[in-house]
Structure formats: C-alpha cells, structure tokens
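See below for the structure under consideration.
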Amino acid sequence: MSEKKRFDTIIIGAGPGGLAAAYKLAQKQRVLVIEKGLWGGTCPNCGCDPKKMLYGVVETKRQAQLFAQTGLEGSLAIDWSALMAFKKSYTDSIPAGTEQGLAHAGIAHLHGTAHFLDLNTIEVDHTSYQARNIVIATGAQPFIPEIPGKEYLQTSTDFLSLEHLPAEIAFIGAGYVAVELANIAAQAGAKVHLIQHNKRILRGFPAEYGEKIIAALTAKKVTFHWNCEVAKVTKEQHHLSIKGTHGEQIVVDNVFAATGRPAALDDLQLAHVGIESDQRGVKVNDHLQTTKANVYAIGDAVSKSLPKLTPVSGFEGNYVAETILGATAPINYPVIAHTVFAGPELSQVGVSLAWAQKHPADYSINTQAVGSWYTYQRLRDNDAQVTTIVTKKANHLVGAVVYAANAEELINYLTALITQQLPATALANWMPVYPSAASDLKYLYS
Ligand SMILES: Cc1cc2nc3c(=O)[nH]c(=O)nc-3n(C[C@H](O)[C@H](O)[C@H](O)COP(=O)(O)OP(=O)(O)OC[C@H]3O[C@@H](n4cnc5c(N)ncnc54)[C@H](O)[C@@H]3O)c2cc1C
Ligand SMILES: NC(=O)c1ccc[n+]([C@@H]2O[C@H](COP(=O)([O-])OP(=O)(O)OC[C@H]3O[C@@H](n4cnc5c(N)ncnc54)[C@H](O)[C@@H]3O)[C@@H](O)[C@H]2O)c1
C-alpha cells in the first residue's frame with residue numbers, strides 16, 4: 001500500500017464529533033476523515049443550526065405578539081419562502097466551508113461511504129486505507145417506521161427544506177424533533193397534529209413541565225392524538241390519510257416521522273470485524289473503545305443513556321483524540337444541559353427532578369413560579385417557572401429546570417454554578433448586569 005493511503009488515525013464521519021477529534025489529532029498525527037454525506041454532519045446542515053434559524057424568527061413573532069396592547073401595534077406574519085432563504089444563507093456554505101477548513105489544516109479528507117475490511121483497513125469506493133486507530137463518528141440518521149404507506153412519510157431533514165409551508169401537517173412522535181418542528185410550523189401558520197403512541201411528551205424532561213409545553217402548543221392550535229399508533233398512511237388525491245390502530249383518521253398534506261434517530265451503522269459492516277452494537281449504537285467502554293481496542297466510537301453513533309447532542313459529540317471527539325495521543329483517564333462527563341426550543345423553551349441540567357423527588361432525604365427542591373418577577377413580567381412571560389435542586393448536606397446546587405422565554409441563557413448560568421460546584425455564597429462577589437436573567441440568580445440559589 002502506498003504511503004498516501006496509510007494514516008495514524010482514520011475518522012469515519014465529519015460531524016461535530018468526528019471534526020473535534022480530527023482537528024486535535026492532526027496537531028500530532030496523519031489523519032484521514034471520510035464523509036459520505038454533507039461535510040459538517042447533522043447539526044449545521046439539517047439539525048440544530050437550521051432549526052434554530054427558523055425558531056429564532058417564529059419565536060420573535062411569538063414574543064412580539066405578547067406585547068400587543070402594550071405599545072407594539074400591527075400584525076406579524078411569517079413569509080415561509082423568505083424564512084427558508086434566510087436558513088439557506090447559512091446552510092448553503094457549510095459543506096464547502098467545512099471541507100476548506102480541513103484542507104487549510106492539512107487534514108486528508110475523502111468523500112465516500114466507508115466500511116471495515118479488517119480492524120486496520122477501511123474501504124471507500126474499492127480503495128483501501130490503513131490506520132493504527134479508527135474512530136467511528138457516523139452519527140444517527142432519520143428513521144421511517146415500517147408501516148404500509150411508509151413511502152409517503154418524510155423526515156426532519158425534509159421539513160427543514162420545505163419550499164412551501166403545507167396547510168396541515170402531522171408528526172409521528174412527541175420527542176425533541178416533533179415538538180420543536182411542530183412549534184415552528186404552528187407559529188408559521190400551519191395546522192399541526194402530533195401523534196404519540198402513549199400519553200408522554202418529551203420523555204427526558206419532567207412530566208409536570210411537559211404539561212406546560214402541551215398547554216403552550218395547544219394554545220397554538222396544535223392537536224395532540226394520544227395513545228395513537230399509526231397503522232397505515234394512504235394517498236387520497238391531494239392529501240394523505242393517516243389511519244390509527246383504534247380507527248382514528250387524520251387527513252393532512254404531509255406526514256413527518258419523528259420517532260427517534262437510530263445510530264448510522266448500516267454501511268460499516270461492523271459484525272464482519274467483531275465490533276459489537278445494540279439497538280442504541282456501538283458498544284463502548286469508559287474510554288470509548290469498542291469491543292476491539294484500536295477502534296473507538298463517539299457521538300450519536302454510540303450506545304449510551306446520555307443525551308445525544310452536539311456538545312456531547314464534541315466532548316467525546318476531543319476526549320478520544322487525547323486518549324489516542326496517550327491520555328489514560330476514563331471519560332468523565334460534566335453535567336449536560338439540554339433545551340427543547342418550543343416557544344417558550346424548556347431547559348434542564350444535572351440531577352433530575354424525578355430523582356430528587358424519589359430521594360427527599362438528600363435533596364431540597366424549590367419550584368418557583370417566576371412569571372410575576374420583574375424579569376418575566378417585563379417580557380409578559382407569565383407562565384415562567386424555575387426549579388432548583390440543592391443537596392441537603394452541603395447546600396450545593398446540583399440540578400435545575402427552567403421553563404421560560406430564553407431559558408437557554410438562564411440554564412447556562414445554572415450549569416456553570418453546578419459544574420464549578422460553587423456555593424450560593426459565591427454569588428455575593430459577582431455583579432451581573434441589572435436587570436437581566438443573571439441578576440435573578442441570587443434569588444434562585446441562596
Ligand atoms: C432536527 C434536529 C435538531 C437538532 N437540534 C439540536 C440542538 O438544538 N442541540 C443539540 O445539541 N443537538 C441537536 N440535534 C442533535 C445533533 O445534531 C447531533 O447530536 C449531532 O449532530 C451529533 O454529532 P455526530 O458528530 O455524532 O454525528 P453527525 O452530526 O450525525 O455526523 C455524522 C456524519 O457521519 C457521516 N457518515 C455516516 N455513515 C458514514 C459512513 N459509513 N462513511 C462515511 N461517513 C458516514 C454522516 O453523513 C454524517 O455527516 C438535533 C438533531 C436534529 C436531527
Ligand atoms: N434541542 C435539541 O437538543 C434536539 C432537537 C432535536 C433532536 N435532538 C436529538 O435528536 C434525537 C432524536 O429526536 P427525536 O425527536 O426523533 O427522538 P426522541 O427519542 O426524542 O423522541 C421520539 C418520540 O417518538 C415516540 N415514538 C416512538 N415510537 C413511536 C410510534 N410508533 N408512534 C408514535 N410515537 C412514537 C417516542 O415515545 C418519543 O416521544 C433526540 O433524542 C436528541 O438527541 C436534540
């Protein structure tokens with residue numbers, strides 16, 4: 001094999017995880033990155049970033065509407081085509097920009113679908129590439145359930161590129177993707193249905209806060225179909241008809257499947273080289289090594305109970321690079337904040353409310369309806385609510401839930417306090433801008 005095809009490390013997948021690993025490793029190693037789709041992966045092309053560009057506009061409309069009769073006059077409407085053009089003004093340049101970044105950093109990169117030939121050899125388009133270490137960073141992929149009429153179903157990727165907003169749409173599922181995209185569609189003027197096979201929304205968040213999201217979406221005319229299992233989808237002239245197993249019928253223009261995103265492992269031929277995986281992804285140990293020691297897996301491709309999010313993939317990419325370069329410590333995750341952008345936002349970090357409720361001897365829970373506080377009264381964010389969880393022993397903040405406009409900012413401050421294990425007294429020597437969400441911290445954690 002020519003020197004050109006030999007590397008220290010091959011990374012399969014150029015999303016946030018693979019790229020974090022690649023840039024760190026390339027400071028000391030010859031690295032090859034292989035990508036079969038869009039350079040940059042899910043987050044900037046068809047995930048977090050385009051989603052939040054659409055969210056930013058529809059959420060501004062929602063917040064502006066709250067100021068009707070308080071000095072703001074006139075009505076606002078969403079121009080879907082202009083909104084999409086705005087999104088594309090960002091996403092169109094991502095793949096080429098990412099590839100240029102790799103080229104400028106001198107990182108070898110190749111477009112194509114990778115699979116294992118053996119534990120040190122990857123094949124792309126009938127050409128072999130060898131490396132001592134291989135990192136699987138292939139992410140997760142959209143999923144279409146096996147039901148009659150599955151050919152009519154679309155995914156979040158299709159939604160984020162819709163040229164025209166349909167009049168009436170349905171999402172199957174009530175997790176992150178369904179809730180966030182339903183909110184965008186409803187705020188933009190579509191009639192939206194959410195079809196969930198049980199009675200639970202956003203299972204990673206406290207049920208009592210999920211109820212608030214349900215109420216907010218219902219007020220935006222989103223219809224929930226609980227305990228509804230989709231039996232089939234048929235095409236009827238210009239519409240799609242969804243039939244539920246209990247005889248339900250919902251007629252819409254488009255149906256989007258949002259029942260979870262499985263790890264993207266199909267192409268890799270992992271079984272061929274004895275790398276084990278389960279329903280959630282590639283099995284790894286606490287050094288992110290797969291069942292074969294020289295092959296690592298990171299990000300959404302991994303089997304784990306942690307949330308599968310961009311910062312988690314980046315953290316793991318960085319960790320794996322350091323491990324390949326010689327570090328020996330097991331991975332030690334900081335607390336992971338997460339937010340569903342549903343207008344308002346629901347954010348959570350650290351010890352969960354359910355866990356704290358089950359262990360009353362260990363934790364004090366303080367849930368405060370903050371809608372009447374100046375910060376939220378000013379924004380007319382009447383329903384805002386914050387829960388803090390502190391240890392009874394040391395009085396240290398260990399968990400929080402925030403439901404509010406811009407909850408993402410307050411949760412970040414709370415996350416910093418938890419990560420640094422700062423006592424409430426630390427806030428006495430901190431002087432944030434007043435009035436701001438940060439200036440409320442001393443009333444939330446004292
Ligand atoms: C609609 C949506 C909204 C989201 N919003 C958020 C958010 O607000 N905040 C957040 O933190 N997270 C969000 N996420 C999740 C986030 O996008 C992922 O957690 C993140 O992109 C995972 O990074 P990754 O590097 O592990 O995988 P990915 O970004 O999925 O990258 C993996 C790459 O590997 C490539 N690949 C796969 N198989 C092969 C192969 N055999 N050969 C070569 N290349 C291959 C793929 O084409 C892909 O580009 C969202 C996801 C979606 C779908
Ligand atoms: N804001 C964010 O950070 C963000 C946003 C979007 C996506 N993501 C990431 O992407 C992942 C995938 O999101 P998702 O919403 O596709 O998955 P999810 O796991 O969050 O939700 C899937 C939903 O589908 C339901 N479901 C499963 N099977 C069903 C069926 N047969 N009929 C009806 N409902 C069914 C589940 O009960 C659940 O409510 C998330 O877990 C998260 O890691 C994060």
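Just so it is clear, glycine is given a Cβ too, placed from its N, Cα and C backbone atoms.
Quick look at what TrEMBL annotates:
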- LYS52, ASP300: FAD binding site (BINDING)
- GLY173, ALA174, GLY175, TYR176, VAL177, ALA178, VAL179, GLU180, GLY260: NAD(+) binding site (BINDING)
- CYS43-CYS48: disulfide bond (DISULFID)
- 7-316: domain 'FAD/NAD(P)-binding' (DOMAIN)
- 336-441: domain 'Pyridine nucleotide-disulphide oxidoreductase dimerisation' (DOMAIN)
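Looking at GLY173, GLY175, GLY260, the binding-site residues in this record, the fewest other C-beta atoms within 10 angstroms of the C-beta turn up around GLY260. Same-chain residues that are not part of GLY173, ALA174, GLY175, TYR176, VAL177, ALA178, VAL179, GLU180, GLY260 yet have a Cβ within 8 Å of the Cβ center of the NAD(+) site turn out to be PHE171, LEU181, LEU202, ALA258. Within the same chain, residues at least 6 positions away in sequence whose Cβ sits under 8 Å from that of ASP300 (FAD binding site) are GLY15, GLY17, THR42, GLY139, ALA140, ARG261, ALA263, ALA264, GLY281, LYS308, SER313. Distance noted between the C-alpha atoms of GLY175 (NAD(+) binding site) and CYS48 (disulfide bond) is 15 Å. Summed and averaged per residue, pLDDT over the domain 'Pyridine nucleotide-disulphide oxidoreductase dimerisation' (336-441) gives 97. Cα separation, GLY260 (NAD(+) binding site) to CYS48 (disulfide bond), rounded: 15 Å. Cα-Cα distance from LYS52 (FAD binding site) to CYS43 (disulfide bond): 10 Å (rounded to the nearest whole number). Taking H, G and I as helix, E and B as strand and the rest as coil, DSSP gives the domain 'Pyridine nucleotide-disulphide oxidoreductase dimerisation' (336-441) the counts 34 helix, 34 strand, 38 coil. In space, VAL177 is the closest of the binding-site residues GLY173, VAL177, VAL179 to CYS43 (disulfide bond), judged by Cα positions. Taken in sequence order, the recorded positions CYS43, GLY173, GLY175 that lie near ligand 2, meaning a CB under 6 Å from one of its atoms, are GLY173, GLY175. Here the Cα atom of VAL177 (NAD(+) binding site) is found 10 Å from that of CYS48 (disulfide bond). Comment: NAD(+) site residues GLY173, ALA174, GLY175, TYR176, VAL177, ALA178, VAL179, GLU180, GLY260; largest CA to CA distance 14 Å, whole number. Residue environment of VAL179 (NAD(+) binding site) contains 26 other Cβ atoms, counted within 10 Å of its Cβ in all protein chains. Filtering GLY173, GLY175, VAL179, GLY260 by Cβ distance to ligand 1 (under 6 A) retains none of these binding-site residues.
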